[in-house]
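*Asks:* This is the structure, below, for whatever I ask next.
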Amino acid sequence: MEEVPPYSLSSTLFQQEEQSGVTYRIPALLYLPPTHTFLAFAEKRTSVRDEDAACLVLRRGLMKGRSVQWGPQRLLMEATLPGHRTMNPCPVWEKNTGRVYLFFICVRGHVTERCQIVWGKNAARLCFLCSEDAGCSWGEVKDLTEEVIGSEVKRWATFAVGPGHGIQLHSGRLIIPAYAYYVSRWFLCFACSVKPHSLMIYSDDFGVTWHHGKFIEPQVTGECQVAEVAGTAGNPVLYCSARTPSRFRAEAFSTDSGGCFQKPTLNPQLHEPRTGCQGSVVSFRPLKMPNTYQDSIGKGAPATQKCPLLDSPLEVEKGAETPSATWLLYSHPTSKRKRINLGIYYNRNPLEVNCWSRPWILNRGPSGYSDLAVVEEQDLVACLFECGEKNEYERIDFCLFSDHEVLSCEDCTSPSSD
């Protein structure tokens, strides 16, 4: 088994095969506290192209003290439908039953996303697997398309989940972030008005039944992740970070656990490269919580303030039944032009405007999709991310670091214009 010690040391979990062209993309990472286990997922493809995705792969990592020992790679052949390719791993852990739900989509043959959007004919199926032994074995695949989407799928040109992890809210609700290309208008047999919008798939009965929430509108949003942050006592807020084609990241808030979101806003602190890129977000509780903080331009702000990003007058405060003093970590390439220099940003006051730090660069050079996981009992953070020397498709690396490294880093740099 391969051992990965902290801090800030990367280990390659999935490596592109130069001879065959086999490529691993779309990382998803889940940490299971009871067994101190990491589950690292990715797509196995016969080339870098989306339409050449084949199946999902998994590696299990065991925390030993403050390092990780990784087991061998396993093909998840359970996560397949006949005549379909499997894409977009999105795992979530249900703490009451101990089950891991692995969501993904199965897309018919080699039908491209563009083809589905142009013709307005969906070729994707919403599926999941369940594991009751921390990812050692998996049950049979279940197709949830009819149950969750039903007849609405006729208006969805295509859709996907995640990619990256889902979460369980303080209330017990399970959340799987998703997005769909909604067809609002047709001309003859063509879908002439199709826009992507993020939404949530959720379960309130420990994963027995699943439903979907409303689209995040009117901003065009796509791949997304969510995190729960502290609002008024008893009223936690769900924060959503979504990819856009608008050069900046979109942020939206929900006060009803993801059923619907208020109008999203573009954050000028969080740049998207020209083609956009997926990003990851997690909430965490820092060891030391000061009463005031300094933002990236040196202005102090009290720890409790009115929230201008929400329609309702929520305040940030500690509550007995809600997450206490929750901050956010966000991973994303920092360049305004291309996918390079993966940065880790933190936000000490998620409900306030423009409170993101400058990025701590986790990986210099080509960097793509990423997924974060918090190891709360060790005060560590893990990141699974695409990277390489010439392009970001060469490998998927795992890195373990402490929140202290991010919070105390003096070598923070502004987003690159390269």
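Glycine is no exception: its Cβ is also placed from the backbone N, Cα and C atoms.
Swiss-Prot lists Asp50 with the feature active site, proton acceptor. The active site, nucleophile annotation in Swiss-Prot covers Tyr369. Among the features that Swiss-Prot reports, active site is placed at Glu386. Summarising the annotation, Swiss-Prot assigns repeat 'BNR 1' to 129-140. The feature repeat 'BNR 2' is assigned by Swiss-Prot to 203-214. Per Swiss-Prot, repeat 'BNR 3' is recorded for 254-265. Under the heading motif 'FRIP motif', Swiss-Prot lists 24-27.
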*Asks:* Are there residues at least six beyond either end of the motif 'FRIP motif' (24-27) with Cβ under 8 Å to its Cβ atoms? List them, or say none.
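*Replies:* Sequence-remote neighbours of the motif 'FRIP motif' (24-27) are 14-16, 40-45, 48, 53, 57, 87-89, 163-164, 368-371, 384-386, 393, 395-396.
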*Asks:* Looking only at C-alpha atoms, tell me how far Asp50 (active site, proton acceptor) is from Tyr369 (active site, nucleophile), rounded to the nearest Å.
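*Replies:* That separation, Cα to Cα, works out to 14 Å.
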*Asks:* I'd like the number of other C-beta atoms within 10 A of the C-beta of the residue listed as 'active site, nucleophile', please.
*Replies:* 28
*Asks:* Between Asp50, Glu386, which of the active-site residues has its C-beta surrounded by the fewest other C-beta atoms within 10 Å?
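*Replies:* The active-site residues Asp50, Glu386 were compared, and Asp50 has the fewest Cβ atoms within 10 Å.
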*Asks:* For the repeat 'BNR 3' (254-265), would you mind checking the mean pLDDT of the predicted model?
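*Replies:* Across the repeat 'BNR 3' (254-265), the average pLDDT comes out at 95.
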